[in-house]
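Now, the feature entries from TrEMBL:
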type	residues	note
DOMAIN	34-338	domain 'G-protein coupled receptors family 1 profile'
TRANSMEM	21-43	transmembrane segment
TRANSMEM	96-121	transmembrane segment
TRANSMEM	133-155	transmembrane segment
TRANSMEM	183-208	transmembrane segment
TRANSMEM	285-306	transmembrane segment
TRANSMEM	318-341	transmembrane segment
Amino acid sequence: MANASEPGGGGGEAAALGLKLATLSLLLCVSLAGNVLFALLIVRERSLHRAPYYLLLDLCLADGLRALACLPAVMLAARRAAAAAGAPPGALGCKLLAFLAALFCFHAAFLLLGVGVTRYLAIAHHRFYAERLAGWPCAAMLVCAAWALALAAAFPPVLDGGGGDDEDAPCALEQRPDGAPGALGFLLLLAVVVGATHLVYLRLLFFIHDRRKMRPARLVPAVSHDWTFHGPGATGQAAANWTAGFGRGPTPPALVGIRPAGPGRGARRLLVLEEFKTEKRLCKMFYAITLLFLLLWGPYVVASYLRVLVRPGAVPQAYLTASVWLTFAQAGINPVVCFLFNRELRDCFRAQFPCCQSPQATQATLPCDLKGIGL
């Protein structure tokens, strides 16, 4: 690297350093502002106190912590490398930063896998999801499991990895010495988790597509002796009314042993059309986050595979630097995706922060809990 005192080298390097520091500062500010704003919105708005938004809250808080812990270290390393002065970060500091980067990366991967499973259950097995998984205990268990698995998966980079000589390396998932078994296992585990998440969403897509197929109606007469219609030709409305607590007379033969809903058990058990649309929109938002995670981390994983399986110099430095910076951008992109894909969040944001919108929009905005849910 040219010194600032050399002719023709100081101006270009100073401009490059300024652009790099400005970009990193912008990423840091966007990540902290977006994630903190999202966290405040979740905490203040009672209509968002549901399991999917609790998981989003944990994901955004982890992204904010990653940006706060890693980006300043990268900025400091860039300044030291440009000035060619100051002591380089020690081996312990490099390992600690690599551990934090791996921890937050695997936490996001495992949490997105758990979110994909819950989204599948919310649509394919809605009754089980509504009774067992819709509350905050399920979200808390998923969050704890994601952090525990990420902690277990992040230790190999600390034990097997070392410090890098690139100024972008302190928060990258450095895997040195190249070709170490821990490096390959780390990359394979990350690829397996991300691939499993996409397989879950693919299965969900097939489930929704199969339920949209038109089938011919079978006109089979229902059986009724005392106005309790049952049998192959029954539409199920009488049974549903009886189960919901509106039944009168004797128990239908097909419902013997089923306890009807009383006055205090009026919660809906079936996935009605509006709830189905809401769950589908949440699935689209979460899959957009998962897809962006793959797109932003994919180039760095590919570069790491090449460095492990081929040789360290097989990847151009420009590609490696760009792939590392894409991973930095992932720390601040989730709040933007959530606000773009979820109208409920936008409505709640307008209701909680009316100063961020025009007076005309403020007059036309209803409270969030009175408006419909969805895009």
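The backbone N, Cα and C atoms fix where each Cβ goes, glycine too.
The shown structure was predicted, so the numbers you read here are calculated from the model rather than taken from an experiment.
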Contact between the transmembrane segment (21-43) and the transmembrane segment (183-208) (3 or more Cβ pairs under 8 Å, separation 6+) | no
Residues sitting near the transmembrane segment (133-155): Cβ under 8 Å, six or more positions beyond its termini, same chain?
-> 49-51, 54-55, 58, 99, 102-107, 109-111, 114-115, 118, 121-122, 186, 189
Within the domain 'G-protein coupled receptors family 1 profile' (34-338) only, compute the mean pLDDT.
-> 75
